Amino acid sequence: MTTHYLVLSGLLFAIGALGVLIRRNAIVVFMCVELMLNACNLAFVTFSRQVGNLEGQVIAFFVMVVAAAEVVVGLAIIVTIFRTRRSASVDDANLLKY
Amino acid sequence: MNTIPAPTIEYGTLAPLLVVFGAAIIGVLVEAFAPRYLRKAIHVPLTLLSLFGAFALVLVQVLRGQVATTASAMGAVAVDGPSLFIWGVILVLSFVCVLLINDEGHFVASAAAVPGSADEEEAEAEGGGGHTEVYPLVLFAVGGMLLFPAAHDLLMMFVALEVMSLPLYLLCGLARRRRLLSQEASMKYFLLGAFSSAFFLYGTAMIYGYAGTVSLPGINEALAKGSGLDPLLMLGLALLGVGLLFKIGAAPFHAWKPDVYQGAPTPITALMASGTLVAAVGAVLRVFWVGLGNLDWNWRPIIWGVAALTMIVGSILAITQTDIKRMLAYSSIAHAGFLLVGVMATFGTAAQNAVSLKAILFYLAVYSITTVGAFAVVTLVRDPGGEAGHLSRWAGLGKRSPMLAGVFAFFLLAFAGIPLTSGFFGKYAVFAAALNSGTQPGDSMGGWMAGLVVVGVVASAIAAFFYVRVIVLMFFSEPAADGPAIAVPSTGTVAVIAVSLLVTVGVGLYPESLLGVANDAAHSLFIR
Amino acid sequence: MESQIAEITQHTGGVIGVSWLMIAFPLLGAFILLVFNRFTNRWGHLLGVAMSLASFVVAVLAFFELIGFGEEARRRAVHLFEFIPGMPGEPPMVDMGLLIDPLSISFALLITGVGSLIHIYSIGYMSHDEHRRRFFAYLNLFVAAMLLLVLADNYVGLFIGWEGVGLASYLLIGFWQFKPSAAVAAKKAFVVNRVGDFGLLVGMFVIWTTFGTLAFKDLAAQTSGVENGTTLAIGLLLLLGACGKSAQLPLQSWLLDAMEGPTPVSALIHAATMVTAGVYLVVRSGAFFFHEGSGAALAVAIVGAATLLAGAIIGCAKDDIKKGLAGSTMSQIGYMMLGAGLGPAGYAFAIGHLITHGFFKADMFLGAGSVMHGMNDEVDMRKYGALRKVMPVTFITFFIGYLAIIGFPLLSGYFTKDGIIETAVHHQPVLGWLAVLGAGITGFYMSRMVFMTFFGQKRWADDAHPHESPAVMTWPLIILSIGSIFLGGYLILSNTLMLFLSPAVGRPAELPEFHFTSVPGLATLALVAVGAAFAWMRYGRVEVPAVQPRGNFLTTFARRDLYGDALNESLFMRPGQWLTRIAVFFDNRGVDGLVNGLAAGIGGSSGRLRRIQTGFARTYALSILIGAALLTGALLLVGNI
Amino acid sequence: MSPWLPILMAVPVVGAIVVALLPKGSDKLAKQVTLAVSLLVLVLTGVMAAGFKPSGERFQFTAAYDWIPSFGVKFGVGVDGVALVLIALSVVLVPIVVLASWHDADGVKTADGTLITPKRSVKTYFSLLLVLETMMIGVFAATDIFLFYVFFEAMLIPMYFMIGSYGGAQRSYAAVKFLLYSLFGGLLMLVAVIGLYVVAGSKTFMFPELVGAIQDPTTQKWLFGGFFIAFAIKAPLWPVHTWLPDAAAQAPAGAAVLLVGVLDKVGTFGMLRFCLELFPDAAKAFTMPIVVLAVISIIYGAIVAIGQTDMKRLIAYTSISHFGFIVLGVFAMSATAQSGAALYMVNHGFATGALFLAAGFLIARRGSPFIGDYGGVQKVAPLLAGFFLVAGLAGLSLPGLSSFVSEFMVMIGTYSSAAHGSGALTVAAVIAALAVILAAVYILWMIQRAMNGPTAEPVKLFKDLNAREVWVLAPLIALIIGFGFFPKPLLDVINPSVHQTLTNVQVPTSTIAEKGTGQ
């Protein structure tokens, strides 16, 4: 029952994490992070049902709000860097190293 | 139907928090409605006053002896002794950092403008003073920092984490010079920060699944009942740890630190290196003591390894750095390791916990204030292209500007933990707490604690090398012909450096002043 | 035998009570001359002489006061000050004091007497040297140190004097330090002496550990009941010290080089006084050497016999007049050691020979100095010849000294040397007959020296204008030569010296009688005559080549100082240099290299590790993920332990 | 509560602040103020020392103020005999060093006019010197172990700057090496200090209260190790000695004097005071290994010294050899040896101080530390050569000079020590005695090469010592000779405190008890 949702959540999280690792485009990377957050939401909701209180569901709402705020900030940053470099590849930005 | 009980909010207790957030919101309004030429004139007093006011409110609580003994805001926020101490420290630090931020020329006029474009020139000509959004953003970040260590449940902690981090992501990208580096720092910090907070959140979810609550005391209770070996719990604990350790920059989650510290505008670096670290360590302490106190058998070996690794990685990698801010970033990593040694010691009886807590609080206070001072000095050493980051440009500074170089050398000695500086007593306090905890009856990790302290000592010795190297450069090398210029410091910067110096020297000579406060704070312990 | 040594009595008042003045006068002289430096240039030498004479006067007065006491009360200790205090509530570890007894006063008289003469002589000899003042300062320093050596009532005081004379010797050998040879010789003398000092030092350790005291007074009664091994060890260690100071085998090599110093120095330090300190030490420490069953005394005698032969052989081959005399000094001290190694029976002869040798050898050294003074400091005897006519006083005094040393009957050396030889033949026949042989060789080489210098043809350098030395130099010669004639007879006939010394060193149960016609005595005389005749054939009758001819193996052996230097070089110096080089290399590369290597290792690992920070955000993300995995794994692992 | 020691510590630091605050261009005034302050301290110390009662309490002139109650740390000071003589040594050396360094920061010109060190900040140098003086007094006076540690580490910093800013060509390498080496040792000691506090559990760092506090032998060994390594580095003992030649060779002569003469003594002082008394069982257990290290130091230092071409390095190696003697004396568990070691600390300060300063004067005339660049100095500068010689002779422990008494006591005490049977220590003493031969070689060979022989061409320009330089060396030489013949004033003060130490270590404290072991 809830196990499936948890597995799905785990899969989503893993996919998100993997996406962050393998995608170059900053937007996609960022979307993968959002995917991870949503995996969390799914887990919260599932657990909410499993443990039998509503906290998890409330948390999911909070997370959505935070994620939205993150999008705002994130896109602003990515756009700025795109405008400067004419590239949204995260690998291109590697002046800071060693 | 059940009636939803009206939440109780302890306004008095939470007042410092509310003042800061309130001021931040007013700042946004100012940004939206006030004419451009007025904005700075409003922002600066508003920001400083709100921080000062919040600090005053903290003081009032402490001096009136009204430190809360139960969690406030329906168990969401715990304004206990350690929280108040941390708040005080963060407020002082942010006040000081605002003075630095206030200085001309650190921030770009228009973040959106492409570097070198006509837009940028226009914005420069028009705005002159740079982004005034900086002020409300800083206030939000400070608010997040205040909330982060005080959060009494994991959700509040997550929200605080984001409130603290999101403005900082932006602030990192606002440097006026070396825009590319700044933007890159911003992006890296953002992506990695978001990545790690996803881990934090997923960990929270797992723990929620295990304990049925995200409230820290609730978790602890559940642990007391349960076997404590649930994979769900372990996974949750690990992922939660990732998020927290990321924020304090412990190895192997430290990679963002050097890049971000180097790229960000120096005043922001100062804020991150001091305020964020303090807040994050506070949060770590709270999570481990309040939330996972019954699980110390499990997490202490892990923290042992992380602490040792962090100290060594930070010290060793700093040796070959050539950029001063980057070097200080690695130094900050090493210091995070030393702090973790203290965290190791927070377990068991309340008395032992208080000793360790006192040590860490003291360490945090002295280290962060010295850090701010050091970065303030960094802002003054200039090249035609901005700050002279490369270490080779610092050669012979002692001859050009003996005062400044002397002060910086003193800060470095404090970082190295030479006696008669504040840093020494910080290091001593933490090591002493660690050894002391090792002798607690029945602690199977006693020998390990001594071992960790020896690792810390070795790391200190290695770390001393790169601090000393800078002193060698400044004092024992001949200045380059076209050496860096020393910017005429503004009153604000002078004040920052003076305050840092005063604290570093004062606490170095008479640590009891600050130790007493830390002691009182620690003795009231975290609300469990 | 020990029972005959008198108890030491504590003494206050009188001249003996202020006998420290003997040391203080010359010390003050040295102090003034060195500290006030240039300001004393004009009258410094006079001050030096005055201080030495003052010391002599005190010594003479003390001597008369001493013989005023009964025989059993002739050992007077004078307490000076607490030198090394003990732990709280305990007596001092070392109390500094003086011991005025027949033995020490004999030395004191010799040192101050001969020393004063040499001081006076030096006024003339050094008159042209711009650093004459400094020379007198060093001479005064030497006298003070030497007096401390013989007068101290404990081994530590003795040792301070011991090294003090070493220092003075170092300074005076290197007086003309701008000559590299002098500088090297000075250093060599000091270093070789230090080898001996090592022995003396360790000897003191053993004495302290065994007896708990370093004072002569307390030692005397305690030797009974001590293990033989311990006394043997002490004896051998002290002997090592004595060998160093007295240039005995195997530490003889420095003495010949020491002739680099001005001639009065050679006379005073390297003939009359300092080099005899070893004999003093052996006699003073007799208790250790003659403890029942101890072989230490035999070792002393053997060393003495070996050295007397070695010195004599070396003396035969030297063309340098001073080195020839130095070889002879070695040899004569060998005799003294031999005597001292025979116990109370030999002590008096050893000390007697020491005193007469002090006179006649000083006489000859000063004579040699007088010759050099007239010959532009030429030392090569092959450049001398026929000097008897131009420097008659020098010749006559030198000749008296010569007769004394070869043991010409009725002169000083005859009595003392013969005493040693006869006692040796009686106690240690082999060594005794070797000593007889040595006397023969002495006859040869001393004759050779006299013939080469004063007889034969002139072989002078073109610019040499030999002349007699001034009165200030000849009078000391005359006085010394008078001593060389009569002193021996006075001391030995009727056992004057032996009886005088006996409270301090004991005496044999039966007093010896001097026989003019004993077998060893006659044999000695015969051999000396043969040696002298042989010398006459080689160097008196025939012309001496002005250039040193190539000698046979034996000559080369002697010329090269019996390969002593070569031996030292190959055994100690070269391995030492190698060891030093290896140690320096090891220190730089090994010990320091390890430290620097560690530092470099950390730095290098830093340089490599920082490459992990690639600058790619995705790499960082990977590190976070790996970290998360590790954390999870570790937690699960720990949880399941 | 006696105000003496706090006053002694305050005077130099106040002086340092005054010097630092003097207006620009008042270099001469800065020097004069420094000299005046250091002389004042000397006088004050003299007056204080006159009131010391050797037969009285062990610690006198004690004072203790709460400093960091949270850590149980007190500002506790007080002196026993050994500390007193070491403080005396420090305050005697400082005015001498001030006078010796008079022109060191002005830009030193050689006899032929080449500038060997550029002009540097005079005020800084002299205020660092005064700060160092405070710390030197403090480190010996501290009776609170934490306070001791604070001074132990903090005194590195002024010395670090003195070497790094005012030293020779390789100064920064030497300064860093010095600092890191010492710091590393210090940190290990810090662990041990904490451990001591924690394990003893008496909530105090006051030394008298901690004596005997640790009973468990294993704990003692670990803590002993922490202290000992720090002190061994400081002393320095083979094989952790290599920082000293570099530091001493690169430091200006004055700083080198304080470094070798006083700072290093903190190591041996610490062994005597802390390693022995706090951890007596461990000290006894480790006696043999330490004695072996000490003997290696003695011989090794001497042999390596012989091979040096650089004068100051040579002197540094001789010091390593001498420190071997001191360590040997400390751990020989014999009253005589230990008194000798304590006395050696003082005498070595004078002797090596004089030697370093004389070498410094020589080097200032030529600009080269290499022995081979000199020759025949005696001819042109007899005074300099004379002082150099006496200092050198003190270095080779010539009897009649102060170092002899101490070396003699160390060796004879070691030889006769009853602590460990006579065998091993006897051998150690005999091997150590070999150093008297090696010492003659390294000192006299140096003198032969530098001072004797024909006068080298550049040396002909040398001027002899001027009045200032004579006043630098003369007091040292006077002390060396004076204490050579009359060490009683020092030993009378040292002996009771050594007695106390050995009582705490439970070793026979009588010199008499040492006797008779050879029979």
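One-based numbering along the chain as shown.
In case you wondered, yes, glycine gets a Cβ from its N, Cα and C as well.
It should be emphasised that the depicted structure is a prediction, and the values quoted were computed from it without experimental measurement.
Positions annotated as domain 'NADH-Ubiquinone oxidoreductase (complex I) chain 5 N-terminal' by TrEMBL: C:94-136. Note: the domain 'NADH-Ubiquinone oxidoreductase (complex I) chain 5 N-terminal' (C:94-136) comprises 29 helix, 7 strand, 7 coil (DSSP; helix = H, G, I, strand = E, B).
Taken from TrEMBL, the feature domain 'NADH:quinone oxidoreductase/Mrp antiporter transmembrane' covers C:152-442.
The transmembrane segment annotation in TrEMBL covers C:43-64 (among others).
Look at TrEMBL and you will find C:103-123 (among others) tagged as transmembrane segment.
According to TrEMBL, the transmembrane segment annotation covers C:135-152 (among others).
Residues or ranges marked as transmembrane segment by TrEMBL: C:158-178 (among others).
Taken from TrEMBL, the feature transmembrane segment applies to C:198-216 (among others). For the transmembrane segment (C:198-216), the residues of the chain that approach it from at least six positions outside its boundaries are 8, 93-95, 97, 99, 153-156, 159, 162, 222, 226, 230, 233-234, 236-241, 243-244, 281, 284, 288, judged by C-beta separation under 8 angstroms.
As annotated by TrEMBL, transmembrane segment applies to C:265-283 (among others).
Tertiary proximity for the transmembrane segment (C:295-315) is limited to same-chain residues at least six positions away from its ends with a CB under 8 Å from its CB atoms, namely 231-232, 234-236, 238-239, 242-243, 247-249, 252, 256, 282, 288-289, 323-343, 424, 428, 431, 434-435, 437-438, 441-442, 445-446, 557-558, 561-562. For C:295-315 (among others), the entry in TrEMBL reads transmembrane segment.
Summarising the annotation, TrEMBL assigns transmembrane segment to C:335-355 (among others). Tertiary neighbourhood of the transmembrane segment (C:335-355): same-chain residues 1, 4, 103, 106, 110, 242, 246, 248, 276, 278-279, 282-283, 286, 289-290, 297-305, 307-308, 413, 415-417, 419-421, 423-424, 426-428, 431, 435, 438, 487-488, 491-492, 495, 497-498, 501-502, 505-508, 512, selected by CB-CB distance under 8 Å and a gap of 6+ residues from either end.
What TrEMBL lists as transmembrane segment is C:390-411 (among others).
The transmembrane segment annotation in TrEMBL covers C:431-451 (among others). Non-local neighbours of the transmembrane segment (C:431-451) in the same chain are 301-302, 304-305, 308-309, 312-313, 315-316, 321, 324-325, 327-328, 331, 334-335, 338, 381, 398-399, 402, 405-407, 417, 420-425, 520, 523-524, 527-532, 534-536, 538-540, 544; each lies 6+ residues outside the stretch with a CB under 8 Å from one of its CB atoms.
The annotation transmembrane segment is assigned in TrEMBL to C:514-536 (among others).
Residues or ranges marked as transmembrane segment by TrEMBL: C:620-639 (among others).
Same-chain neighbours of the transmembrane segment (C:514-536): 406-407, 409, 415, 417-419, 421-422, 425, 432-433, 436-437, 439-445, 447-448, 451, 492-493, counting only residues six or more beyond its ends whose CB sits under 8 Å from a CB of the stretch. Against the transmembrane segment (C:265-283), the recorded stretches C:43-64, C:158-178, C:390-411 differ in Cβ pairs under 8 Å, and the greatest number is found for C:158-178. Sequence-distant contacts of the transmembrane segment (C:158-178), counting only residues of its own chain at least 6 positions beyond either end whose CB sits under 8 Å from a CB of the stretch, comprise 131, 134-135, 138-139, 141-142, 144-152, 185-187, 189-190, 193-194, 197, 200-201, 204, 241, 245, 257-258, 260-262, 265, 269-270, 273-274, 277, 281, 284. The average pLDDT for the domain 'NADH-Ubiquinone oxidoreductase (complex I) chain 5 N-terminal' (C:94-136) in the predicted structure is 88.
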